[in-house]
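Visitor: So that we are looking at the same thing, I have put the structure below in structure tokens.
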């Protein structure tokens, strides 16, 4: 009985192998029918319209193109002459014993460090106070300066 079981398993393996080979040939034939490699050049072309979008149709040569005068093109960088206004934020944490804390900037939700020396005289700062401040670069990163009550 062991021998017949062994022969049966051998036949099953051969059948499985033959089926796999047949599936592979069928897939190969289907790929040959739906061949996209070596397609004509026109079907692979892409064009860019006047707005910079990629399209599959060529541009219309009869359509008038908008002309831009050279004088209208500005190559320089415009300078902002506005004085930067004070930023607004909320005191997230303040340690009165050590004299430092953190403010969350309202616009960018960025956490910034401040020291008690940068706070306006007479302003008793506490957690959750709304404040106005300037941002300055320090060796350790950005920090608040001229902190006043909002």
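Don't overthink the numbers, they just go from 1 along the chain as shown.
Backbone N, Cα and C define each Cβ position, glycine as well.
Below are the features listed in TrEMBL for this protein:
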| type | residues | note |
| --- | --- | --- |
| REGION | 1-42 | region 'Disordered' |
| COMPBIAS | 13-22 | compositional bias 'Basic residues' |
| COMPBIAS | 23-40 | compositional bias 'Basic and acidic residues' |
| DOMAIN | 86-149 | domain 'CSD' |
Visitor: Looking only at the domain 'CSD' (86-149), what is the mean pLDDT?
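Guide: Over the domain 'CSD' (86-149), the predicted model scores a mean pLDDT of 92.
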Visitor: Using DSSP, break the domain 'CSD' (86-149) down into helix, strand and coil residues and give each count.
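Guide: Split by secondary structure, the domain 'CSD' (86-149) comes out as 3 helix, 39 strand, 22 coil.
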